[in-house]
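Residues annotated as domain 'Golvesin/Xly CBD-like' in TrEMBL: 928-1070. What TrEMBL records for 21-41, 61-83, 110-133, 145-167, 179-200, 220-245, 257-278 is transmembrane segment.
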Amino acid sequence: MSYKNIKQIAKYEVKILMRDNGFRFVSLFCIVLVTCIHLLRQGNIKNPDWIAISLPSAIPFANAYLISFFLIFITVFFGGRFISKRRYDESLSSIDIRPFSNIDYTLGKIVGFMIVVLGLDCMLALIAIFINILLSDAPFAIFPYVFYFFTLTLPLFVFVLGYSVMVKGVVKNQAMARFVLLFLSFILVKIVPDYFFGIFDPFATYLPNVFSDVTGFSVLNIYFIHRLIFFLVGVGMLFLGILTVNRIWNSDRVRVYTVFAGSSFLLLGCVLGFIYIIHFKREEEEREKIRIVFEKYDKQLKIRVVSHDISFKQVGNSYESTSEMVVYNPYDKPLTSFILYLNPGLEITSMMVEDEIVNFTREKQVVVLSCKLQAHETKKITLLYHGRPVSELCYPEITHLSDRMEERTYSILKMGNDFFYLSSDYTLLTPECMWYPISVPTVNISSPYSTIENYTRFRLTVTGEKERCVISQGEMKCRKDTVIFISPIKLTGVSLCMGKYIHKAIKHEGKLYEIYLFKGHEYLVDQFTDPKELIDSWSFDFRYTKHKAYVYNKLALIETPIHFAAYSRVWRDRSEYVQPELIFRPEREALLSSAFKVWKNALNEGISTPQHEFFNMVYLQNFESVRILKKGNVLFGPLEREKEIKNEYDISSLTRKNHFYIYSPEFKAIDIFFQYIQKRWDTMANSFGESNTFPAAIAYLQENSLEYLFQQPRENVIFDQVMWLKANDYLKRLLCKVPFDEFYLFTQDFIRRNTFCETNYEEFGKAFQERFDVDLIDFTRKIYKETRLPSFRLRDICLWQVENPDGSLGLLQSVKVWNKGNVGGVITLAGSFFERSVHYFIPVGACKEIRCYFDYRKVDKFNLEIQTNLSQNIPSSYLWRDIKLEEGMLMNPYAGVFDADTTLFMSKKGEYVVDDRDSGFYLLEDKKFFRNISHWKYSDWAGGYGEPVAGFLEKKGGIGNSYAVWETTLPEEGEYELFVYNNANAVENEMYSMNAVDGQVVVKKEPVQTYIFTCKEGEKIVSLTYTEMKQPGWISLGKYDFRIGMTQIKLSDKGSDSYQKVFADAVKWVKVK
């Protein structure tokens, strides 16, 4: 092999490529396209998605990502062309006739191609750097550009070039070779990346791919192995590709060496691939072993830790610690042994009980002490331990962490799964990693909803820290290199964070507010000119909401590395990001849905300030119970909503007025019931809200019990909705038995007496029965085991003026309710005359008249809302407006619940109704494939017709090629009056809400709906005007003669313009004569 020959051949190859008009055009196209994408999607020309610019590595990775795509395209079409002779290759004829070896010739060609293409890559990187510095708000760092070039771009380029040379050597026809390469590239990019832990992913998007300013790149060793696999396999394919060059070999020995070199590189790549897969397999196996140990000891009785003094000293990447605990046996029987939990990476060097060394056995994270503990006895335990925690212990209920990978993915950027940090630069330990011994595990694997929370009084002493800030819960005291934290209240866990932070603090209204930022990130808070205004915004909500308060003495916002991960759990109201007194926030606030920048101008000038409005926006995002996962590529367009998940950044748990945990061995997740009720007491008792998951939750509860839900949990958001529905049902059923004020005061008094404690639900039930003579345990058991739902029918809403026996006047409101469902349920009445909603339990199959008496007031009409709560009724709220006072006067009125006749609910003779959910309804839609058309969509919005589901279909205006069709069979001919059901609420809402379409303000015409039907006189076309559609309920289309047999009516999708929506609900034929 001659380097001089390789250099000369490479020089000629560069000239050929630079003279190739096709290559020049493609290169220019790549330059223009990459520049435009960076400017439009990451520049400050317009507001980009925050995730696209929030991190210093965002633009460098995006640049390498785009370059990698173009590398694949360029290499497929231009790489390895030398293998097939071309007519325009005359410039190399002087080389072809020379006795160059195959290796010199092929390597020269490959090197020349790589020089040109990598030169183009460098040019594209320089353009990105220029935009990054001058035309973008993204922070700049040069190292990520260099890193991604050598770890992402170069290995992929070598790999793609390698298989391009091989394929073009085997498939001599250039067109066929390119087709094969495009097909293989499609498989590589779209099909195989998710298999075998992403080993085939050319962009390594299975692995974390962004930088933290503090901890750098997550799992860097695994990332290097992954990229080295692509590089080595690519080099191996290049050597083997030399064998396909149709030239005479200088010697057979060189051919053997080439085969050996290519095979060696391929074999080394395969070995690294095996190591890569084994790494993840071993991690899963270790997690499975830990999970098995958790399950083994789940049913064993757990002691409680009353107080815990921890002494901590970090030594390099590990630590030494001592724990002095006071433990308690909460049971009425003695324990011959008990267990503690400690991270299996930590080694116990000493175990003492009451200052005496005791024997213990250990199985992974479980430590079994051979020591007796009498009923309700306390003992002192001292442990000495050291080492480094292992991450496999964290979130053991997640079988495969890859199942939750989407929660750490933001478009093309992937955040790491670092559950703790322990290095000389940065340390972060949370209760999840069990860095100190505990008596109850972070999760009950066998029954997660039975997970116990143990309230403990902590004291933490950290020694040996002179340069780093030390952060934890409690009051801080410092002595030289020793920092002590003493918690004045009991906590369920304690965290420790140490790093080189910039610390800012302010004391306001007796509470300490702190912010810890990494050096260089001060700009995040410097934009806020008045911190007290932000604190007032934070506490404003507490002053006017009786169930909210911030009860701790301090609040610290702590910036953490972007790779620090915490997952939400359906049975917990917070994640590890949210600790008592501590809120861990992602680095640079990179993961917010909008830019972390104070707006220049307030939306409400003169009423609020820009920083106040911006803070409220961020504040509200962190009080949402759900977070929206978005899909798409941030470089090619706006991200789209994919689904909702439980928000791991939700801080609402910190604002609970009363912190407590109520536990029951029989009723799993009973604490969630209480938390829901306490957070939304007034809302839950007086109204019934719905979300977009309401129908799915109703369908689930129609077939399954709450008890079954805990055995087969659904996804997060559905679980939350189901729990909300059952908690609401629980409360309102009790309010049918117990006065509201008395129940509220009793509950609040019980909670206050058990604040920052674990209490037993059975004790609460016993006290409740003594106070109200209601067996709460049996009542709860029915709530948990009950399947099926009630189904209500409502009729005859009336308001009467009444005369009492003493001659005084009053008002009587009445409604008739029939429960046609499978179980009893609660009806809630609210409206003009109700100071507070009232609740009535309607047994299964019962038909009742509910009468409510009110003191007289001068009124001729009223509004009434009836909530069907947890039932088959969708929507769950019915609203009647402007109900007129009935004529006449009732004497001797009786308020209460009375039996009623079900005949009122039967269909009237001579009426034939077809609803949009009946078999007689169908759609005729325009099926032209190449036209951009809208389709009919179902909606269960209030105001529709139907029982128990009142819905309708809607469609954006078309050209009259799509129809909603109602069919029925008339048993006799004659004159019928034809009615259509009109949802005036939907019509009005659309009329006033669709003034902007696709960002443009439009002038809308008044809506019109056109119906087509056939009677004896022939085809009729009747249109409803906007004036007519303002009237709710049945609207007459007129009286017509119909023949006996099948008849139909069609609603055209053609409206007054393309912005109108057309609504299809129900149709009714009424026999006149």
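Every residue gets a Cβ built from N, Cα and C, even glycine.
For the domain 'Golvesin/Xly CBD-like' (928-1070), the model gives a mean pLDDT of 83. Of the recorded ranges 21-41, 61-83, 110-133, 220-245, 257-278, the transmembrane segment (145-167) has the largest number of C-beta contacts under 8 angstroms with 220-245. Residue counts for the domain 'Golvesin/Xly CBD-like' (928-1070) by DSSP state, with H, G and I taken as helix and E and B as strand, are 14 helix, 72 strand, 57 coil. The transmembrane segment (110-133) makes contact with the transmembrane segment (21-41), as judged by at least three Cβ pairs under 8 Å among residues 6 or more apart in sequence.
In this chain, the transmembrane segment (257-278) does not touch the transmembrane segment (61-83); fewer than three CB pairs sit within less than 8 A of each other, excluding pairs fewer than 6 residues apart. If one looks beyond the transmembrane segment (179-200) by at least 6 residues along the same chain, the residues whose Cβ comes under 8 Å of a Cβ in the stretch are 72, 76, 160, 163-164, 167-168, 171, 206-207, 226, 229, 273, 276-277, 280, 402.
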